[in-house]
Structure formats: C-alpha cells, structure tokens
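Chemist: Got a structure for you, written out below as structure tokens; questions coming shortly.
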Amino acid sequence: MSEHHNGTEASLSSEQRARAEMVKLGASFFQRGYATGSAGNLSLLLDDGTLLATPTGSCLGELDAERLSKVSLSGEWISGDKPSKEVSFHLSIYRNDPECKAIVHLHSTYLTALSCLEGLDTQDAIKPFTPYVVMRVGKVPVVPYYRPGDARLGEDLAKLASRYKAFLLANHGPVVTGKNLRAAADNMEELEETAKLIFILGDRKIRYLTADDIAELS
C-alpha cells in the first residue's frame, strides 16, 4: 500500500513539474518576442503516456498550469481546457517518432518569414552555414501550405516524423521536436536565430558548410 502510494506521489510530482515547466517556457517565449497573442502551441509526453498541451486560444505568456489540456495519444480530450486544434498534428508526430517527447510550434518572426519565401529547398529549407543547426536538428523539410487544422498537415508530418526533428510549415511557421520540452525549446531558438542570420546576410555570399564539414558534425 505504501509503495503504491509513494509511486502515485512521484507520478503526480512529475506531472506537476511538467506543467510548471510548460508555463515557464511559454512565458519566456512570450516575454522575449518569440510568441505573440495566442499564436503557437507547446506539448509534451507525460510519464503515463498522455499528452500535456497548451489549450486553444491560449497566450503562451499567460498559461495556467492547472488548465493545460490533457489528451490521450488517440486524441481524446481527458482534462483541462479544450486543446488547440493543432494538437492533432502534434499527435501525428508523437505516433511516428518514438524519440520525440516534446514539441514546440511557434509563429516566430524570422522562421515564419522564411516559410513565406518561394523557391525554398523542400528537402532542407536551411542550408547549413553554422554547425549548430546540423548538431541540433539536421535537415529542415518544408511541409506544403494547408489551412490551420487541416488533417493533411498531420498526414504529411506523419510521413516525415521518423526522419526529421524540425519542420517548416509553408506560410505558417516552424515545428520543432526534442527529447524534452527544454531541448525542443532550445532547438527552436537555434533555428529562429539561424533564420534571422539568413535575412541579415541577405544577398551577401555565404560560406556554406561543405559535405565533409557536415559529416564531422552528424
């Protein structure tokens, strides 16, 4: 009885920590301008196999730990406020990438601007010119534009999830995964800063990493 009780306490404290971390990281993204209004969403896998996600219409800067959405991997709304409609594409990634434990989706300025450009390499939107994107996420494929909530977005991400750790949704913004929420957040920030460099460099000639450079990092 005592062991069962202690296990329950440990599980609860683990979920409470996860909720607190989501609130903290959401506020950090908002305060530093990575997220505005009610744009973007976060999710993570809990120890019990369910998903914790930001609710529909929520501002990342004003999340309430007790009102975060809890959803099953089959998409059933378990508790908390109603989940974002975009949680469906989060679920598509989790179901197809066993290494993914957390997802950050933002409408951050520079990555969203990049997602609106024509002529991007759909296999890798960010040609490597610093080592850090290669080390953190590797290639970043472009997913075709669909209206937010369209089931086809999840279908496309499901096909890519086992091979990539980050995705650029055309005319929409980035989706980045991680082994935990902090890692996903760090990966997102690295990508956003790299996209910022792309616009700062503009038409200047960039010294891209060679195939050998990339091989040493992979």
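First residue shown is number 1, and so on along the chain.
Heads up, the Cβ atoms here are built off N, Cα and C, so glycines get one too.
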Chemist: Pick from E86, E155, E189, E190: which one does Swiss-Prot list with H105, H107, H172 for the same Zn(2+) site?
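Modeler: When Swiss-Prot describes the Zn(2+) site, the candidate it includes is E86.
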Chemist: Among all protein chains shown, how many Cβ atoms are found within 10 Å of the Cβ of H172 (Zn(2+) binding site), not counting that one?
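Modeler: By my count, 20.
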Chemist: Could you round the CA separation between Y132 (active site, proton donor) and H105 (Zn(2+) binding site) to a whole angstrom and send it over?
Modeler: 19
Chemist: Where does E86 (Zn(2+) binding site) sit in DSSP terms: helix, strand, or coil?
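Modeler: Where E86 (Zn(2+) binding site) sits, the three-state DSSP reduction gives coil.
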